[in-house]
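One structure is given here, and the rest of the page talks about it.
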Amino acid sequence: MNGPSNFMPTPEQDVLDVKPLRTLAPMFPAPLGVNTFNHSTTPPLIFVTPSGQFQGGFGDWNNSAAKSFFAFSSKDARGGKADTFSDQNTGTGKAATFGDQDAFGSQNVFASDHSTGTGKAATFGDQDAFGSQNVATGVQDAAKGQTATDWTDVSANPNGPIDAIAISAYRSTQPNVISLDDDDDDDDDEPYAANKTSASGRKIKRPSHLSGYNVSDALVSDSSNSMKVKRPKSSHGKAAADNEHALLPPSEDPREIVEAVLMTFEALRRRHLQLDEAQETSKRADLKASAILMSSNIRANPGKRIGVVPGVEIGDIFYFRMELCIIGLHAPSMAGIDYMTAKFGDEDDSVAICIVAAGGYDNNDDDTDVLVYSGSGGNSKNSEEKHDQKLERGNLALERSLSRKNVIRVVRGYKDPGCLTGKVYIYDGLYRIHESWKEKTKSGIFCFKYKLLREPGQPDGVAIWKMSQKWVQNPLTRGSVLNPDLSSGAENLPVCLVNDIDSDEVPHHFTYTTQVEHLKPLSSVKPLQGCRCLSVCLPGDANCCCAQRNGGSLPYSSSGLLVCRKTMVYECGESCRCSFNCRNRVTQKGVRIHFEVFKTGNRGWGLRSWDAIRAGSFICEYVGEVIDDANINLNDIEDDYIFQMSCPGERTLKWNFGPELIGEQSTNVSADTFETLPIKISAKRIGNISRFMNHSCAPNVFWQPVQFDHEDDHRPHIMFFALKHIPPMTELTYDYGDVGADPSGVRSPRAKNCLCESSNCRGFFI
């Protein structure tokens, strides 16, 4: 209300016990019919129709007090689109948000009484529920309620009966939440939104039943001011959904859990993008994917913490803010400052725990060890709405972190060189705030500035990114170069040969080529039947035979990312009428990445990239001589460059994570059902950069058979794709498989000891 009320109920009128809004659980979108709710046992929240029960004739909908009750109309239970917390209806299926942060991570404050009604997300503060827009599914609310314009004006009868309806009468479900306590108290049904603090920053109960996440989260302690933060305990006391157990690895290695969650997110995002493109809709696939994971309790590191996040390494790259949310690195999906309440000695204080410097403000990040970060607020595109920043919420948390001297995680964002509108987010490790001040910006407002210094002794993060980008712009700035282009112009981009380790000058002699040498010419093989598409193949075109050959959908996204792993991918070829610019001709266009062949410490020569590589990106083709089965000698220990199809590790087999989460049949195969092809290729005498990729039991690259020039599926092209996001200067590896060991376990003479040092290392490879 705008002022104190003197209203006293008459004997005929009851005062209803209304629960505060902060006890309501956030409602996440449910893409493609996924049911994110289960039956509620929460006592019903009662809504009293805002009519004559309030002083001064409350029935006028222009009254500001009425607006705050508008979303919970009794008519909302009976049909129509979802209402917002306002006097208008968005009518678009966009999600409303609650304060300066999102529903996944944070401090929610109801701060607005106006909804857009124009397809934009209704906001309550600075954020929407998932990001800049929420197109995540569902144009209508689960309640199927009518809009506010359908309400009956009851102000004419201020002393009439109260039209009260229990919200649980029509919203009979609530989000699938994690129990808050250890004693299974059925009377405590307050939901948990993956945070340790309430909307105002106060501590809430700490979750202990985190089913499926067997991660050791000990106490995090910071020597400054004796600060201690307790982390969620791992418990299997309450089983989560079957999907959670099926998709998360059984390992207790936090790194494996983080990577499994991110791989699931990427697989769902690519599949949703494929479906949206076929339906000619432009929805945010990343928001859909994250909503599915959240509703299915598939995430890593729930809760907030100060300091290191288990399983997240310095230098890790991300392409969507939601990726930061689902692994517990940075909870807000839009806000740049994440904060929580922690205990410092005998005192509780709200401090910053992570910031994202992504260019939204005038931040100075030229120095890789120093960051001058601008506070939040006041930065609006509308000059009339610009105002001085206030020392509240995230800004206040940063100021308190200056006093408490706690470490803060820093994620820096840069323009994605491979996408005109995209960004790359790089985790750069731990910083501390050393000073703060207030200054006037170019737009004329005063903003807070915070100078953060990187903690010493950490691996390089952003420094590697800046260095590799400099080499991309000018390869001559790369030191220790033995050969500026190992391919001698055969590749689209030069392949640099470097040695920072020893005095070896060049690898063993071989002839560089980009074409596979077959035993017999391909002209003798029947060509692949081509499509009749004009210009380019379009998603959703039922007449495109190439799409039908791939199961009804084109195998690549519009940006050239492989959507999912298949037994065989069929690209358009020479017999197709579509142009060379068709999206279904990815691998034929050759290498599009700046590679360097480098000398490793203990594994000979290796391959890495100056560019960041997105999951699903084409890497290169395995090129060499196709070997006749009759003449091959698999025990030839002198030929270390033979590729033959063998069952890769579980990580590669499960690259298509999560189709069952959207009601589709799983496309994963097991080691028992994996079918190999007879093709074998030797790159000892002739080859390309693929011959330098080493083995790893925890690879970041996988091979995929691709066909485009003939119909003999026993002789496909072997193409390599990125298994996950790969930071610059990270060695590219794939799983050679376990071929060569007989059933008795006797190792082949060609077997070598594996040096990958991964947690699931098999000990040897062929």
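Residue numbering: from 1, along the chain as shown.
Each Cβ is built from the backbone N, Cα and C atoms, and glycine gets one as well.
Feature annotations, courtesy of TrEMBL:
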- 180-191: compositional bias 'Acidic residues' (COMPBIAS)
- 307-454: domain 'YDG' (DOMAIN)
- 593-737: domain 'SET' (DOMAIN)
- 750-766: domain 'Post-SET' (DOMAIN)
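Sorting the domain 'YDG' (307-454) by DSSP state (H, G, I as helix; E, B as strand; all else coil) yields 21 helix, 62 strand, 65 coil. Helix, strand and coil residue tallies for the domain 'Post-SET' (750-766), in that order: 0 helix, 4 strand, 13 coil [DSSP]. Looking at the domain 'SET' (593-737) alone, the prediction's average pLDDT is 89. According to DSSP, the domain 'SET' (593-737) comprises 12 helix, 44 strand, 89 coil.
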